[in-house]
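Engineer: Dumping the structure here so I can ask a few things about it.
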């Protein structure tokens with residue numbers, strides 16, 4: 001199917017349900033090379049990045065990364081992205097494919113502004129491919145092709161290493177499924193070779209866009225363009241945890257005045273998650289007596305119920321709140337639940 005200018009497979013061979021459950025029980029390989037990878041060099045790279053995002057990039061240790069948000073002057077979310085302070089001489093940034101052109105223009109424009117005042121910063125686009133290996137057997141599968149000890153690599157940390165004989169790979173322990181997983185930035189010329197090595201393990205299946213979407217929704221993770229966009233603030237989206245304490249105090253990121261005012265006065269709407277009974281159609285919209293909008297919804301393969309993410313008035317966003325959902329002009333009961341729907345399995349090294 002078309003996706004952000006790319007053609008992506010919904011699934012490979014096995015159907016969506018089987019692929020989803022296999023990822024939860026074993027391990028799946030996702031080709032996510034459509035995502036934008038950029039490298040930021042220069043002695044002022046941290047100051048540059050913090051002028052655009054809400055996160056505390058300066059506090060990141062070598063090899064450590066964080067999910068952060070690009071915001072605009074109105075407090076809206078321009079994109080969500082991962083920024084890693086590498087052990088080398090640069091920041092490594094992964095952005096959403098749907099926002100690639102927009103993000104790259106923002107990064108380059110800001111770099112040019114700072115360069116004009118004498119700052120040392122340079123943005124470079126990586127032409128690496130990006131493979132995501134996700135699921136409970138990931139560590140066993142990948143460790144067989146690594147000299148480094150994966151047990152020492154915590155969630156949101158990365159190393160540059162050789163993977164199954166392919167040198168120069170950046171392995172980051174993260175993902176979009178809620179499972180223990182890695183994303184491997186691999187030189188494009190050897191991406192197929194690495195993928196074939198991983199797929200040589202019987203536990204590893206290829207997974208496509210359909211499983212990627214249902215897995216991330218079960219894990220309570222946002223899809224940019226659906227659940228967050230430039231009309232939504234971090235406070236409304238329940239993403240205030242991405243704002244570092246120092247950044248909140250300094251209020252030196254785009255839209256800080258709007259966002260921090262919402263923190264003080266409380267936003268009028270909040271992102272929430274709800275489920276409804278099995279056997280019903282995909283959730284479409286919240287019933288008008290409680291104003292709201294469903295932004296993502298699907299049948300949950302793990303729970304056997306329909307699940308959805310959306311926005312409701314803040315007063316109705318607490319877990320346990322009963323709502324009515326309109327599905328094809330019929331009304332069905334739904335209940336707000338805590339995020340995520342399925343417990344996450346992110347790995348923290350001891």
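Placement of Cβ uses the backbone N, Cα and C atoms for every residue, glycine included.
Here's the feature list from TrEMBL:
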- 2-244: domain 'GCVT N-terminal' (DOMAIN)
- 183: substrate binding site (BINDING)
- 292-342: domain 'Aminomethyltransferase C-terminal' (DOMAIN)
Engineer: What is the pLDDT of the domain 'Aminomethyltransferase C-terminal' (292-342) when averaged and given as a whole number?
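Structural biologist: Mean pLDDT for the domain 'Aminomethyltransferase C-terminal' (292-342): 88.
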Engineer: Within 10 Å of the Cβ of residue 183 (substrate binding site), how many other Cβ atoms can be counted across all chains shown?
Structural biologist: 24
Engineer: When secondary structure is assigned with DSSP, how many helix, strand and coil residues does the domain 'Aminomethyltransferase C-terminal' (292-342) contain?
Structural biologist: 3 helix, 30 strand, 18 coil
